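Asker: I am attaching a structure below and will ask some questions about it afterwards.
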């Protein structure tokens with residue numbers, strides 16, 4: 001992400017590299033950043049459906065859930081309750097700007113350490129919270145951790161991994177996010193049964209486990225050679241490269257890193273570059289993918305799964321149980337993505353998922369429209385199981401398409417000179433729209449009722465049309481050939497590719513091609 005550069009295997013040279021224990025351990029440690037993010041997403045929905053938590057912090061909502069005068073769909077409609085969930089993303093958005101700086105100037109490892117410390121302090125505030133203010137401060141600190149971790153961890157993974165397993169290791173972050181959500185759902189299922197009303201403290205406090213792992217891991221892992229060279233520590237960078245590759249023959253890769261660093265430093269105004277006509281297709285696609293990723297409705301379902309199932313008339317236990325099932329489906333489907341993304345291609349996965357998501361949401365809306373009225377919640381066992389199956393169908397299709405690909409495609413389409421700026425914009429747009437959905441979802445559920453699923457299915461239809469006509473296929477295409485083989489051949493985007501730019505960048509590009517360097521990393525090129 002921030003300020004990243006590096007050689008890739010997308011058509012360049014395959015460097016000599018063993019899969020060393022230090023690489024495996026470093027990657028597992030770093031990916032706990034994803035675990036932390038997933039746990040935070042999953043835990044908030046579970047605790048907000050616990051009566052003891054609502055009674056202490058959101059008494060108005062608690063009263064509403066007890067009295068039946070309010071519409072079923074409006075029980076949880078409360079701006080403060082939504083702020084509890086969404087404050088994390090607003091803080092993450094702000095932290096991203098600082099993280100972009102620390103990742104470049106202090107390195108990936110220190111940025112992960114800062115994220116871990118934020119996570120630990122935020123967890124302590126949340127678990128010990130006495131009032132709403134303390135709770136929100138804890139969430140804001142966790143959000144800062146998310147901003148730093150989401151910036152440094154994917155970059156660390158892609159830079160330290162040998163080319164041939166880079167794709168699998170890069171989706172490791174996304175896989176850990178889904179494992180974090182499942183872990184949170186299981187914890188909530190257990191803590192909801194604790195008598196005495198302090199179960200929510202355990203749920204929020206257990207976030208300390210992934211936070212501790214990330215902090216300890218960041219103390220012991222080495223920084224990436226790319227980062228060390230970028231900051232001028234050339235000898236140290238070379239020594240680390242020998243350690244992580246398990247060989248002394250690292251000269252070709254080392255020279256490429258030095259060259260990539262030099263080229264990256266020549267770009268003085270990456271954000272201004274990003275707005276030039278020739279970079280517009282990549283920018284439009286990156287921004288659109290982030291907006292669409294949120295408007296699939298996935299986070300609405302993931303944040304609020306227990307609340308949502310409660311609203312539909314499942315009992316408290318049953319609703320947490322249903323969330324565990326959807327969490328497990330999420331993990332398994334992300335593993336499907338790791339194996340299929342380079343075989344069937346990005347477009348195919350997105351289009352297939354579009355059909356699956358559209359149909360499952362429309363059917364959910366029809367069932368709820370008929371069976372869940374404002375004051376009756378007689379869903380019946382058969383229909384309840386059907387709704388859970390449909391939610392699982394929706395979650396699985398998201399997890400092998402828009403989930404990982406929303407991040408993968410922008411990272412492989414931006415050219416080197418605008419990659420760091422492009423990635424920062426990608427992260428920011430994603431967090432802005434995550435915040436919007438988190439803050440608005442319960443109010444939308446109240447006003448749209450079952451129509452909320454029709455609203456999201458409408459968006460799924462729009463994004464599938466976008467993919468069909470405007471998203472080119474990028475599988476197995478080296479990044480330095482992206483312009484010639486993808487953008488210049490696309491019926492619309494070729495109009496933005498003016499050749500004059502490539503005259504003055506040509507020298508750099510050709511020089512890189514000789515050395516086998518590619519303009520950036522393709523996180524999925526070598527599965």
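Positions of Cβ are set from backbone N, Cα and C atoms, glycine also.
Those TrEMBL annotations? Automatic predictions, nothing curated.
Note that the coordinates shown come from a computational prediction; the quantities given were computed from them, not determined experimentally.
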Asker: Choose the correct range: of 110-129, 230-249, which one does TrEMBL annotate as transmembrane segment? Give that range.
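Answerer: Based on what TrEMBL states, transmembrane segment spans 110-129.
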Asker: Looking at 135-157, 250-272, which stretch does TrEMBL describe as transmembrane segment?
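Answerer: Comparing 135-157, 250-272 with TrEMBL, transmembrane segment matches 135-157.
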Asker: Before we move on, state whether the transmembrane segment (450-471) and the transmembrane segment (110-129) share at least 3 Cβ pairs under 8 Å, counting only pairs 6 or more apart in sequence.
Answerer: no
Asker: Does the transmembrane segment (81-98) come near the transmembrane segment (424-444), with 3+ Cβ pairs under 8 Å (pairs 6 or more apart)?
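Answerer: Since 3 or more Cβ pairs under 8 Å link them, the transmembrane segment (81-98) and the transmembrane segment (424-444) do come into contact.
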Asker: Pop the mean pLDDT for the domain 'Major facilitator superfamily (MFS) profile' (26-475) in here, whole number is fine.
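Answerer: A mean pLDDT of 86 is what the model gives the domain 'Major facilitator superfamily (MFS) profile' (26-475).
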